[in-house]
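Residues or ranges marked as signal peptide in TrEMBL: 1-18. Annotated domain 'Peptidase M12A' per TrEMBL: 144-338, in sequence order. Taken from TrEMBL, the feature Zn(2+) binding site covers H234, H238, H244. Positions annotated as active site by TrEMBL: E235.
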Amino acid sequence: MAWLYLCLVGLVPCLSLASPVFTANTKKINVDLDQVRSLISSRVKDGLHELRSKLAAKNNVSLNEQSSVGLSPGRNFDQLKQENQTTNESQSESEGIPSIPLINSQSSISEGLYQSDIILTDDQIDQMLENMEDGSNSTRQKRQAVNRYIANLWTDGLVYSFASSANSLMKKAFLLGVDFWESNTCIDFRESNTARDRVELFSGDGCYSFISKVGRKQELSLGHGCETYGVATHELGHALGYFHTQSRHDRDKHIKLNTDNIDPELIDQFDKQSKYTNDNLAEPYDYGGIMHYGASSGSIQEGKFTMVPLKRQYIVTIGTPIPAFYDKKMMNILYDCMELCTKSDHKKCKNGGYAHPRNCAECVCPDGYGGKNCTTRPDGCGNEIQATSEWKLHKISIRKDLSGVSTDDIYMLMPEECIYWFRSPKGTKVQARSYTISTPSSDSAFAYGCMLGFVEFKSRADPAVTGPRICNDAYDPIRTFKSTKNLMIVRSVTTLSYLTAYIEVRYGMLSFSFLQQRTKVSDQA
């Protein structure tokens, strides 16, 4: 292995197989049982059972005869009550990885959650079933389906409150998500305990939210294991109106489902919206969006791929718990924030950027770009490097100072990044290949996305789209990329303590034939 070679020659640390893995906090589980019980109506449970049966039949997924597509209930309320009084000390390695579907697979209300983390209203489940019926696609019904979802945006800003069960860790994670959406859009957030229509954060049995504004107090849970910046931002995305990316009506042009690997009890994770219930706002499918599940989500066996990107180099990009540029842009379009600035304001922002709705003199730039008009490398960690015609090895390293950081606050740390611009002479292209990468986690974590850090290669024609990410040698020991122009942007990000990577870079003429060296990713991995 490339990593072993670099280890032996002293270029990377030789980690022990027993290297520690960060795990979720071990505080007592304090779940508001009464609030959990009242969340899912019997109509929603019955409707989801019917929906899963129809989806299983439609996708030729074999049913579990014992459960008949009724989800395994996870922990029952008696078990949950007992756990409420004890400390959770028997955590698996996967529980240290903040993957929403994995956390919620153990929830006592898992059978009542749509796509593993969405609470539906009676009206919404009825509409979903209606849309699946043959002959239900009249123009009138299609218009109703569109209006029923879009009409429920938070037109005067999102109001929130904290239930008594919400502890300080949950509140901190929630407010990090609030800060992300508020600072990057025109949507205002305010706290109120008396507003009729509001999101109430509480300690539930997992991570889940309603979709959009439902017209009353609506719960959002950041239970045990969910108290992270990424999970909070994802669940608030639902509350603001986002569905999952893999539910887009055009998803089959971008990912392939492996139905043999899908757990029939989780088939609704792959329910696809229609053109009439899903408006993509004319924006592209982004594998790096925070609303996308990982490649092994909903699998019959941990690590088995259920969905594989048609662009295979994105296999571990999907599922990454870090917001992407298009997450921000599409929310701004959805809430008409773009109308707050003039066309000339937007036009001055290059490379796909746009004017910031809270300050039209500033630009919101795609990841990897910065400056006044999104035409330069962002300030901060990184450098601009002139590529050479021969392969040259470059070390990329980020190491956070964790002194004084408590175990509970580890997952509250904001992502840190370094941006490198590799330029080459005009008329040439830049070629880069990942040699090795190490982050503080086990190999199994990366079946769910680059959860703890990655190196991203931005080389596509659309500079705003997320580039392919590398985060583990086991999935891709060597991967080679080439730029469409004479610039390759390499973005390295860590969400926990450190990231160390070695990449090689060179350039060649436009007609240069680049060899794509990679390990084939099997559909059945």
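Even glycines carry a Cβ here, placed using N, Cα and C.
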>> Limited to the domain 'Peptidase M12A' (144-338), I'd like the whole-number average of pLDDT.
In response: 92
>> Counting across all protein chains present, how many other Cβ atoms fall within 10 Å of the Cβ of H238 (Zn(2+) binding site)?
In response: 21
> With the Zn(2+) site defined by H234, H238, H244, which remaining residues of that chain have Cβ atoms positioned within 8 Å of the Cβ centroid?
Replying inline: I100, D117, I118, S209, E235, G237, Y242, F243, I290, M291
> Sorted by position, what residues of the same chain at least six away from H234 (Zn(2+) binding site) have a C-beta under 8 A from it?
Replying inline: I100, D117, C207, I290, M291, P321
>> Tell me the coarse DSSP state (helix, strand, coil) of E235 (active site).
In response: helix
>> With Cβ-Cβ distance below 8 Å and at least 6 positions apart along the chain, what are the contacts of H244 (Zn(2+) binding site)? List them in sequence order.
In response: Q115, Q269, M291, H292, Y293
>> Using a 10 Å radius around its CB, how many other CB atoms surround the residue listed as 'active site'?
In response: 27
